[in-house]
Amino acid sequence: MLNPSRYRILAIGKTRKAWIQNGLNLYIKRLPGLTITELKDSDLKKEAQSIRSSIKTNELLIILTEEGESLTSLGFANRLKSLGSSRLLFVIGSANGLDSEIKAMANWSISLSPLTFPHEIARLLLIEQLYRAKNICEGGSYHRN
């Protein structure tokens with residue numbers, strides 16, 4: 001079973017759109033223990049420094065990037081399940097992406113889609129997929145094949 005209290009989402013910039021924040025709040029309630037931390041957006045080097053200082057020593061760094069691995073929802077759920085009791089830090093960069101240093105540090109890079117989305121929407125897509133993965137692993141009815 002997936003344990004959302006082992007997951008953190010680190011996002012550069014603020015969620016400004018109320019409808020996105022409402023969606024995030026909905027899934028946060030469904031995933032007790034999951035936290036989303038917003039860091040100030042800046043130039044890539046400063047953002048990288050903020051990200052580095054936010055990584056805990058026992059966390060696996062998972063970045064969302066267009067060059068990342070494409071997965072189905074089932075594949076994502078199975079991958080999370082295979083990581084067992086690891087603590088996971090999901091990082092969503094700013095509109096300028098992520099610094100190459102952060103990309104090199106990543107334990108896993110994933111792509112939500114070959115399409116480009118605003119970074120606020122990427123947060124909502126990620127948290128929905130985390131909820132879906134948890135539901136898949138628990139045999140729930142939220143995900144339909």
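Keep in mind that glycine also has a Cβ here, set from the backbone N, Cα and C atoms.
Listed in sequence order, Phe90, Val91, Ile92, Gly93, Ser109, Ile110, Ser111, Leu112, Ala122, Leu126 are the same-chain residues six or more apart from Leu64 (S-adenosyl-L-methionine binding site) with CB atoms under 8 A from its CB. Among the features that Swiss-Prot reports, S-adenosyl-L-methionine binding site is placed at Leu64, Gly93, Leu112, Ser113, Pro114, Leu115, Thr116, Phe117.
Every protein chain considered, the tally of other Cβ atoms within 10 Å of the Cβ of Leu115 (S-adenosyl-L-methionine binding site) stands at 7.
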